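Student: According to Swiss-Prot, the feature ATP binding site maps to Gly10, Ile11, Gly12, Lys13, Ser14, Thr15, Lys39, Asn180, Arg181, an assignment based on sequence analysis. As annotated by Swiss-Prot, Mg(2+) binding site applies to Ser14, with the evidence given as sequence analysis. Per Swiss-Prot, the feature [4Fe-4S] cluster binding site maps to Cys95, Cys129; the stated evidence is sequence analysis.
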Amino acid sequence: MKLAVYGKGGIGKSTTSCNISIALAKRGKKVLQIGCDPKSDSTFTLTGFLIPTIIDTLQAKDYHYEDVWPEDVIYQGYAGVDCVEAGGPPAGAGCGGYVVGETVKLLKEFNAFYEYDVILFDVLGDVVCGGFAAPLNYADYCIIVTDNGFDALFAANRITASVREKARTHPLRLAGLIGNRTKKRDLIEKYVETCPMPILEVLPLIEDIRVSRVKGKTLFEMTESEPTLQFVCDFYLNIADQLLTQPEGVIPRELGDRELFNLLSNFYLNSSNSTNTTLKNETNLFDLV
């Protein structure tokens, strides 16, 4: 099974990806996580350091694939999850899709691309140009990480359009949305009501999720010294269990930008007005007492 994780930049894709990878490993699967971001920090919380990228390694070997060995680019992280960082082209030049293609090509040279139960692509931000949509060419499922905000849902909608387009020529489905670190889920639910798709999980606003990134550890590793965090790990285990059932998934239908803006803004404004009216009525009742 091959997964591609997308979402707005800074939404917590890498943190989510690393914890899902471990959850899948905890369920007995052999997992490879491939970071597809020029920052090359997707697997940081799995390994505890920034591993060499495939592109940097190939450049050092003058692109002689026969001189590159699996141990040069594949590093084992926490819970036995194997890690690869694709790297990226020089700033302002090249294409991220080419980098992903070179990564897959090299892994196939090692016969490694097919020896894993699960391969998870953690992909740069919300860029859905042909290049950074390249991991969708290899994926069985796309997962979108979002929160309950306008910007993240706009990004999710654009990614949804990319999934629909790729599904025309590839056996790709959207597994669903993951809400990350959010107090509410009303905007997410409103969006899903209009564009039907599964919600795999909504993680609460827990500071330890963000702190884990700073510490260079996953929630699972932090739980070893802080057992009270086990309930957070259970969210990721639930996501893993859903994915391992190989869900049918959906070919989503995105909204137009203006349509989405009107949907979310009207819902938000109506909710705010309703809250204000309720507060005003409660104040009037208090005055009567």
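In case you wondered, yes, glycine gets a Cβ from its N, Cα and C as well.
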Student: Quick check on the binding-site residues Lys39, Arg181: which one has the highest count of other Cβ atoms within 10 Å of its Cβ?
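Tutor: Answer returned by the neighbour count: Arg181.
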Student: I need the CA-to-CA distance for Ser14 (ATP binding site) versus Cys95 ([4Fe-4S] cluster binding site), whole Å please.
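Tutor: Cα of Ser14 (ATP binding site) to Cα of Cys95 ([4Fe-4S] cluster binding site) measures 21 Å after rounding.
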Student: What Cα-Cα separation, expressed in whole Å, is found between Lys39 (ATP binding site) and Cys95 ([4Fe-4S] cluster binding site)?
Tutor: 14
Student: What does DSSP say about Ser14 (ATP binding site): helix, strand or coil?
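Tutor: DSSP assigns Ser14 (ATP binding site) to helix.
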Student: Since the record lists Gly12, Ser14, Cys95 as binding-site residues, which of them has the fewest other Cβ atoms within 10 Å of its Cβ?
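Tutor: It is Cys95 that, of the binding-site residues Gly12, Ser14, Cys95, has the fewest other Cβ atoms within 10 Å.
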Student: From the Cα of Cys95 ([4Fe-4S] cluster binding site) across to the Cα of Gly12 (ATP binding site), what is the distance in angstrom?
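Tutor: Given the Cα positions, Gly12 (ATP binding site) is 23 Å from Cys95 ([4Fe-4S] cluster binding site).
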Student: Restricting to the record's ATP-binding residues (Gly10, Ile11, Gly12, Lys13, Ser14, Thr15, Lys39, Asn180, Arg181), give me the longest CA-CA distance in Å as a whole number.
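Tutor: Maximum Cα-Cα distance: 22 Å.
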